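Remarks on the structure that follows.
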Amino acid sequence: MTDPAVSPLGCDGLRERRTQAPKETITPASLDPLMSKMRTDESSTVEPEKTTFGRTPDGTVFTVPHTRDMVSQLLSPSEPKNLSDILVLSILALHLLLLRALPTSFRIPVFAFIFLSWRAAYNIGIGWLLHMQSNHRTLVLWARKLQLFVDPSTGENRHPLLYRFIKRELETKIPENYSFENAPIEYNTWLVFRRVVDLILMCDFTSYCLFAVACGSRPVDEGFFMMLLRWSTGLSLVLFNLWVKLDAHRVVKDFAWYWGDFFYLIDQDLTFDGVFEMAPHPMYSVGYAGYYGISLMAASYKVLFISILAHAAQFAFLVLVENPHIEKTYNAPPPRKRVVDPDTALHEEPGSRSNSFNSDATPPMSLPGTTQPRSTHALVGSIDFHRVTDLSVLLIHLLFFAFTMVTPSTPIYRFLFVLNAALWRIWYSAGIGYILDRQSARKSWTRHFVKFGEGQDEAWRQWQGIYHLSMTTCYASFIAAAWKMYTLPQDWGYGLAILRHVLGASLIALQIWTSMSIYESLGEFGWFFGDFFYDESPKLTYSGIYRFLNNPERVLGLAGVWGAVLITNSRAMIFLALLSHTLSIAFIQLVERPHMQKLYGRSLRRDAGLVKSIKRSLPNSLKQFQGSVDKILDESIDFVEEVIDTARPKLAAGVNTFVKDTTALFHKYPARITITRLEPDLAGYELKDYALSVEGTELTQFNKSGGETKEKSQSSRGSENLVFEYGAPIKVKWTAPLNHSKKDWVGLYMVTHNSSREITKVSSQGRWVATNEGAFDSSTSEIGLKSSDISEHSQGKNGKSREVASGEMVFSGDKLWWNQGVFEFRYHHNGKHNVMAISRPFEIRIAKFDENEIPLDNHGVVRPAIEAALLPIVQNCLDRDADIAPQNSEEAFGSQVDRDSKYAKRVVFAVQHMFGIEFAPEVVCADGSVRNLAWRICNAKKVLAPYSMSRSSGTTTPVQED
């Protein structure tokens, strides 16, 4: 019987639940796009029956008469009976008589053969007829060739008796709104086909029930309670099966029940609720629950196995017959797009590509987008040993297989295999979950690849490989552990050994089918959590298995794990199953659910189809109780989330404090192992004669043109804070008494590193310059020294002038900290750490680049502004060396940048704080110019833009202010 809700169709169709479409007047012209109007109503209210119009393949439109279901026609005394009904009932009676007449020893094999024959007539016979009708219109052609429905009065019908017999049979069954002579040949052929189907289906079910009766017995030593439980469970399954069939017929009517769309199409409003919201393919999935209920009541493995065989044959019928017809009828490929006229393309205006750059200005790289990637070489379902991921999976699995086979099943090895499976499950759920959580919150995974100059697509490919390897290895380790814990039963007939294996295998098959259904619904993109990586316009759809369950992986997705528990009958496997289920639920609740709520918000569906169906069937008292339980659970979850949210900042603050303290300790560590050298005798040196003043390039915010305004900052500017540009040279002017030591030196320190103003206790780590040449045995001490011991007069506080020595030095390059913070210079005496003078504190800061304040160019791009802002910073990072630093954005960096990584490290630090993008130093070397680096920054900002917290005034959707 046709399942009207089985196909994951992308267009409107009989088998797809869609929203109700507005009614239109039915005319032959409007029936051309008939299937586009075959809508379904999500509500459970059944409207009064309306006239249904049908259309044949040649376009003939006719009124479809109302027909009754098979069981009512055959068994209801109020329904008129004809010869075909009597024939069907007689054959059913022969089955009953045969069961009574056969000896007990022959009943089981005979009825097994009879049932399998009728099942073959169903799945193979009817399947072949439908296949031929779908592809070649065979049944209609047979009827036309035999002229079965041609009036004998025309002289063209060679079988007048058969004509009158068929006419009487059909008109007896359809007394209203039906004319045998005027009905299309497709409709009459379908009615005759129905009678054949009635015979096969009734005999199929009857022979199955009689086979179960023949096999029925009571197990030895079965207690009354077990017998009561067995029969009550079996009857419940049979009643549930009966409800499924009746509800399905109520929804789909005879048209879908008897595969009417193989003959003609109809236009009607169907109500797909009830059973069609509970499970996919309900006629072929939960619609066979009664078979297993009968098997349970019969207490026979023979009935169970023949039920499984019949169920499998029915799924084969679905896959080989129905689904191809559904795809062909309701999911036809779209018409080919029209090819653009070449003449039109030649006349396209050059300026039509407003977002393109000149070829000489654009680096030879493609811009990765933020839309969903097109999968041309899927990772799931295709094995390619040219790919690292597939080869790694193969090698690891071969290693697992070999290690599992060669090691004995001793307790220590079993423990190791279970431990290995547990660790892989923890990584697969907790480790992968942490990566996705950080990706959802900060896009950390993507940022890592952007840091090394890669794009979003590379991050996506690497993530696919990691996830695929983790998933397959997790299950491979679980299978290996199950193999080690499994022992063959010594007596298959003892206890529930066979049942455990059958149920376990069924659960494993259920998990495999669930995984396939999830992948079919989500595709490669959804399978690998693509919405964590790509910012498409959020559009949530519920198709395939997700029409019935919100999270199928919560239960059905782990059915095979519990199947392994049943098969192995091991407590260790129970532990692994509980661990797997707990971690999977935690993954859904803590990772998937928050991301889905953030991404889709209120468009998330609260109840799936199955939950809706169950809730509608509950009494009001249970509904209220269920609502109270849901409220308690929601409040508990909210409380836990609130506690976590409250504790997170404190934990983060504690971690940050620990990191800062540790960092400061490392900064101070050289001083802890170095004895501070102090000058014991400072007599004759007046501290008032020592002084330090600083000059540097003052930092200003970027102006509207994208550049920077630079001024010289003097120490005489009063109380105004000094803020210097990152990497810019800093000039220091010092004064000291004429008799100052020739081994005096000036060091650069962070203000927070020294608590004492008399003694320096922290090493300068090479950031110092001597006041005089030749005073130290190191040439680096003189780098930056400009002048020394220049006599000048200084005005004292008492107004008296005195002669002092002065000098200048410039701190640049390696003499700078290349960090942000507040710094100071300290003047030290005679090569020791006595502090004679301290400069005014000043701050080194990197200005944030705000693209909202930068006007776009003619192409809507901010890259020129980024180039202008980046150029002076890069020049500073390259020491303003004419052999290394570029003079403009197009000029390449000097070769020294490739040889010494310190230059690239300075640049990436500046870029990170300036634009909020972290690159690896290798990116700077690879780009080789400011222009290419600016392009990469634009590209990275485009990739990371969806995760930016700042409002943009660019070309994105405007945000309405309150």
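A Cβ is built for glycine as well, from the same backbone N, Cα and C atoms used for every other residue.
Some features that Swiss-Prot has for this protein:
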| type | residues | note |
| --- | --- | --- |
| REGION | 1-57 | region 'Disordered' |
| TOPO_DOM | 1-85 | topological domain 'Lumenal' |
| COMPBIAS | 38-52 | compositional bias 'Basic and acidic residues' |
| TRANSMEM | 86-106 | transmembrane segment |
| TRANSMEM | 110-130 | transmembrane segment |
| TOPO_DOM | 131-195 | topological domain 'Lumenal' |
| TRANSMEM | 196-216 | transmembrane segment |
| TOPO_DOM | 217-223 | topological domain 'Cytoplasmic' |
| TRANSMEM | 224-244 | transmembrane segment |
| TOPO_DOM | 245-277 | topological domain 'Lumenal' |
| TRANSMEM | 278-298 | transmembrane segment |
| TRANSMEM | 301-321 | transmembrane segment |
| TOPO_DOM | 322-392 | topological domain 'Lumenal' |
| REGION | 332-373 | region 'Disordered' |
| COMPBIAS | 338-351 | compositional bias 'Basic and acidic residues' |
| COMPBIAS | 352-361 | compositional bias 'Polar residues' |
| TRANSMEM | 393-413 | transmembrane segment |
| TRANSMEM | 415-435 | transmembrane segment |
| TOPO_DOM | 436-462 | topological domain 'Lumenal' |
| TRANSMEM | 463-483 | transmembrane segment |
| TOPO_DOM | 484-491 | topological domain 'Cytoplasmic' |
| TRANSMEM | 492-512 | transmembrane segment |
| TOPO_DOM | 513-571 | topological domain 'Lumenal' |
| TRANSMEM | 572-592 | transmembrane segment |
| TOPO_DOM | 593-962 | topological domain 'Cytoplasmic' |
| REGION | 780-802 | region 'Disordered' |
| COMPBIAS | 789-802 | compositional bias 'Basic and acidic residues' |
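DSSP states for the topological domain 'Cytoplasmic' (217-223), grouped as helix (H, G, I), strand (E, B) and coil, give 0 helix, 0 strand, 7 coil.
Count of Cβ pairs under 8 Å against the transmembrane segment (301-321): among 86-106, 110-130, 463-483, the largest is for 110-130. Here the transmembrane segment (278-298) touches the transmembrane segment (196-216). Their Cβ atoms form 3 or more pairs under 8 Å, with each pair 6 or more residues apart. DSSP assignment over the topological domain 'Cytoplasmic' (484-491) gives 2 helix, 0 strand, 6 coil. With a threshold of 8 Å between CB atoms, the same-chain residues lying at least 6 positions outside the topological domain 'Lumenal' (436-462) that come near it are 368-370, 373, 528-530, 532-534, 590-591, 594-595, 598, 917-920, 922-923, 926-927, 936, 939-940, 943-944, 946-947. Within the chain, the topological domain 'Cytoplasmic' (484-491) has long-range Cβ neighbours (under 8 A, six or more residues past its boundaries) at 404, 407, 409, 413-414, 417-418, 497, 567-568, 570, 572-573.
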